[in-house]
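A.B. asks: For reference, the structure I am asking about is given below.
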Amino acid sequence: MGFSPSFSCSAIGALILGCLLLQASNSNAQLRPDFYFGTCPFVFDIIGNIIVDELQTDPRIAASLLRLHFHDCFVRGCDASILLDNSTSFRTEKDAAPNANSARGFNVIDRMKVALERACPGRVSCADILTIASQISVLLSGGPWWPVPLGRRDSVEAFFALANTALPSPFFNLTQLKTAFADVGLNRTSDLVALSGGHTFGRAQCQFVTPRLYNFNGTNSPDPSLNPTYLVELRRLCPQNGNGTVLVNFDVVTPDAFDSQYYTNLRNGKGLIQSDQELFSTPGADTIPLVNQYSSDMSVFFRAFIDAMIRMGNLRPLTGTQGEIRQNCRVVNPRIRVVENDDGVVSSI
């Protein structure tokens, strides 16, 4: 039996589903959930089955694919520029500080692209593959289903410098987080709080945690917002001057499940990285009521997350004749140039 996103629709309800379909269809005039119905009807099956297979040996991959989509969209829009390798024309975004030695899942996207090129040659963009993969990853981890607006095309360049400045840092305070989100067009408080909920599964490296354990903001003391018991545990996992690449679960309770436990953790002072805990521990912040609400009612979080994901997925998409449909997600397509020799013979090179 092939993978299908439809099995979870009844859980959402017909009325909500209808509203979401309308919202997704109207969110960008040229993107629509049924974009591949006629040209590649099994695109969800192909991508979903590969993720199911990958999860058997790599439980982290679902969170990694969601993060990859997030890091793509925050840099000049959702155009798969993050997937491009180095070339003579540009430096890859994979080398940027927020991605280097931490962004992962590229080989899985490659596998999806190969399978889709066999089934539907030249039809499905890498940008849409990444968008669909993030949605299915959330679904397979216990999260909601939503209609994904599709029809994006792929960038023909990468943006290394922008990737170094546009992506939110794990060391950001709340003001910096809001600015980073607003700069790309996500200016609702619910965008920030709901999308941060993507840290309800997955891992982070100790190098992004240790400053708040030992020398928070140069104080030579730990972050005072940290739960004391949690601080002891994190110091055990991430000793001072230890291996910065050691992985720690974002969520100590349900580390591989997409649920609302992340927000409960924040309320208990158990946010793993500074930028997460800032949502609840910043005095008087307008993010606090949303953290409380999402912690208390997972369905409210799921609805907010769906809305924010659709909004993020529609950041500056390339559509129509813009960009291209890459044959290989790691490189731009060969440029075809028509030339005429001295004898009047025309050829392509």
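Using the three backbone atoms N, Cα and C, a Cβ is placed for every residue, glycine included.
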A.B. asks: Please pick, from THR200, THR210, THR219, the residue that Swiss-Prot records in the Ca(2+) 2 site together with ASP251, THR254, ASP259.
C.D. replies: THR200
A.B. asks: If you have Swiss-Prot open, could you say which of CYS126, CYS206, CYS238 makes the disulfide with CYS329?
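C.D. replies: Going by Swiss-Prot, CYS329 is disulfide-bonded to CYS126.
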A.B. asks: Between HIS199 (heme b binding site) and CYS206 (disulfide bond), what is the CA-CA distance rounded to a whole number of Å?
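C.D. replies: If we compare the Cα positions of HIS199 (heme b binding site) and CYS206 (disulfide bond), the gap is 15 Å.
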A.B. asks: For CYS238 (disulfide bond), list the number of other Cβ atoms lying within 10 Å of its Cβ atom.
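C.D. replies: Result for CYS238 (disulfide bond): 22 neighbouring Cβ atoms inside 10 Å.
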A.B. asks: Around the Ca(2+) 1 site formed by ASP72, VAL75, GLY77, ASP79, SER81, which additional residues qualify by having Cβ within 8 Å of the site's Cβ center?
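C.D. replies: The answer, listed by sequence position, is CYS73, PHE74, ARG76, CYS78, ALA80, ILE82, GLU93, ALA127, SER155, PHE159, ARG316.
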A.B. asks: When a 10 Å sphere is centred on the Cβ of ASP251 (Ca(2+) 2 binding site), how many other Cβ atoms does it contain?
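C.D. replies: Within a 10 Å radius of the Cβ of ASP251 (Ca(2+) 2 binding site) lie 23 other Cβ atoms.
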